[in-house]
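Notes follow once the structure below has been shown.
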Amino acid sequence: MTPFQHVCESRMLRLLSRVCSSLAIEGNLKAAAAHRSICSAASLPVSVCSALAVKPIMEAKLYRPPPEVRGMTSLDKEAFTQTISVPALRVPTGVLNKVVKSLRKATIQRPGVPRVVQDKEESSDFRLVLLDPHRVSSLSSFSEAEAEALRSFSVAEELQYYELRLTYHNLKSDEVLEAVLPQGQDVTSGFSRVGHIAHMNLRDHQLPYKNLIGQVIMDKNPGVTCVVNKTNMIDSTYRNFKMEVLAGEENMVAKVKENGVTYEFDFSHVYWNPRLSTEHQRVVQLVKHGDTVFDVFAGVGPFAVPAARSGANVLANDLNPESHRWLQHNCKLNKVENKVRTFNLDGRAFIQGPLKQELPALLKGKATVHVVMNLPALALDFLDAFRGLLQQEASCDEILPTVHCYGFSKADNPEADVAERASQSLGFPLEDRCSVHFVRNVAPNKDMMCVTFTLPKEVIFSSDPEQTEPSPEPAPKRQKCAEATEDP
């Protein structure tokens, strides 16, 4: 080829490439037909025609279910079936595994869809490797490393096209729900997993489709055999809520494992939040062997049981009789029943009863005393139960309890907000005497926080539980006590 011919061919290539690309937008068949006509009329070399080859454009919508399913309230799985064309490579069987490994980022990734299928010619010497149409639209879509691998394995540089039948079982839950629910509205496939139960919080516009949503969630998540929807807010007294079964069995007794500890409980009658796993672990790791833990709102034991397993002595309480029953069950299940004493009392009664009785002897020891108060809707209001709890003032060498108290905040500065509310409830300022930990965001503009502080002696030994004020000028002995307490 002369230099002049090379320049002309290059210009022709760029021109026709723009023409074919434009045609491809209008439709795959029209573009392919135009390509053949142009190459024939212009008598272009094979190299140019190969470079200009127009391949079907795989649009994202081809991966979605047919539009006829929108508005469906009773799940018809057959209605989601469709056939799409996907790119493929014809690969010799002798190098098949090596090619699949080299193209692992380019091959099709669909639930239940094989990456390797029978060759169209049903040859035993070749197989088709199906490619992701969003990743591969032409040979130029391959990276340099992928292209080099194909050359080294002598794979023909030509894309085949395979008619792939997609069914409901090949679709992801969000794809199904996005196709069914009204356009422009939020689509959610998120849920909390509690053993075999998927717990959802559906919005009003999703309720007409609630049973379909439940079935889809159960179908697409192995191990989920029951899907429930919360029907009201959490009861602040017993921390449980009413729920309805959307799909599956009505067995509410769940078995879960969190941080290596097994729990069993009736999810319909107790409180359990799998999103608090990290927080449970964070606090339990602060507890040392020989420490004592007072768990004021213990639930089924996510703080109490692992603390006992770490060697702590635990007194655990919950007002909900069902929570108390499953707390005892979980102590036995994890073989810590001899380290945990359980109570079925109101939180304030527990503080002013068992905790008050045990605390004087514990303060004379060297181990740390932890008080965990995980009832974020109300726990801060219970701090006033510590006012004037004990009569005899602590000596210098006594280590006062560490309190971990949870609360919700909608304030712009949630750290300052929960610290201020804790101070008000105690009747004593905690400024510079506490730390506040962000736990999680529970709703827009609503955070769950944990305020941790050493229970001030001015509070616990106050002679007037109704009004506690800090001492304006600490006596020398008290100053030494404070220094000893802060000394690492």
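Any Cβ shown, glycine's included, is placed from N, Cα and C.
Copied over from TrEMBL:
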- 191-457: domain 'SAM-dependent methyltransferase TRM5/TYW2-type' (DOMAIN)
- HIS280, ASP318, LEU319, ASP346, GLY347, ASN374: S-adenosyl-L-methionine binding site (BINDING)
- 461-488: region 'Disordered' (REGION)
Among HIS280, ASP318, ASP346, GLY347, ASN374, the most crowded of the binding-site residues [Cβ within 10 Å]: ASP318
Local confidence of the prediction over the domain 'SAM-dependent methyltransferase TRM5/TYW2-type' (191-457), expressed as mean pLDDT: 93
Cβ neighbour count (within 10 Å, all chains shown) around LEU319 (S-adenosyl-L-methionine binding site): 20
